[in-house]
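As written in TrEMBL, here are the features:
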type	residues	note
BINDING	His106, His110, His116	Zn(2+) binding site
Amino acid sequence: MKTSFSSRRGGVRAKALIEFRNLTKRRVSTAEFKKLYKKIFPGKFELSVVFAPPVLMRKLNRQYRGKNKTANVLSFLIEKNRGEIFLNINLLAQAGEKNLPYLFLHGMLHLKGYDHKKTKDAKKMEKLEKKILKK
C-alpha cells in the first residue's frame, strides 16, 4: 500500500512517499506510522516499511550486521532521500502494539544519521524519541 503526501516548502511542491509491505499474516494499522513519518521526513523522502517475520529479520541481521539473532528493527539508507525499515512484527506483537510506533521512529532516526553506539549518543537519541512521541 502506497501513500503519498504533498506539501509546500519554499514555494516548491515537495512530495513524500511511504509504502507498507506486510510479509506476515498479522494486521497492522498504519495511521500512527504515517503521522510519525510526516514529523521526521517533512520534505521529499521515499520510505519503504516492511513488516517481516522473525526468520527474515534474523537473516538480514546476520547478513548486514554480522549478528546471528533476530532484530526488532533494521534500517537501511539506500540513497540520500530513500530508505527502508524492516520491523519484526512477531516480536513486537509479544511486547505489545505500543512498541510498534516507537521502533518505527527509532528506525527513522537511524536513517537520519542518529545512532546509539556511544552512551551519550544513545541518551540523545532516547531523549529525542520521547520528545517526538509525546507530541
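Note that Cβ sites are derived from N, Cα and C of the backbone, with glycine treated the same way.
Features as recorded by TrEMBL, highlighted on the structure.
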{"residue": "His106", "record": "Zn(2+) binding site", "contacts (Cβ under 8 Å, 6+ apart)": "Val73, Met125, Glu129"}
{"residue": "His110", "record": "Zn(2+) binding site", "contacts (Cβ under 8 Å, 6+ apart)": "Ser75"}
{"residue": "His116", "record": "Zn(2+) binding site", "contacts (Cβ under 8 Å, 6+ apart)": "Ala122, Met125, Glu126"}
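Summary of the Zn(2+) site environment: with the site residues His106, His110, His116 set aside, the chain residues having Cβ atoms within 8 Å of the Cβ mean position are Val73, Ser75, Gly107, Leu109, Tyr114, Asp115, Met125.
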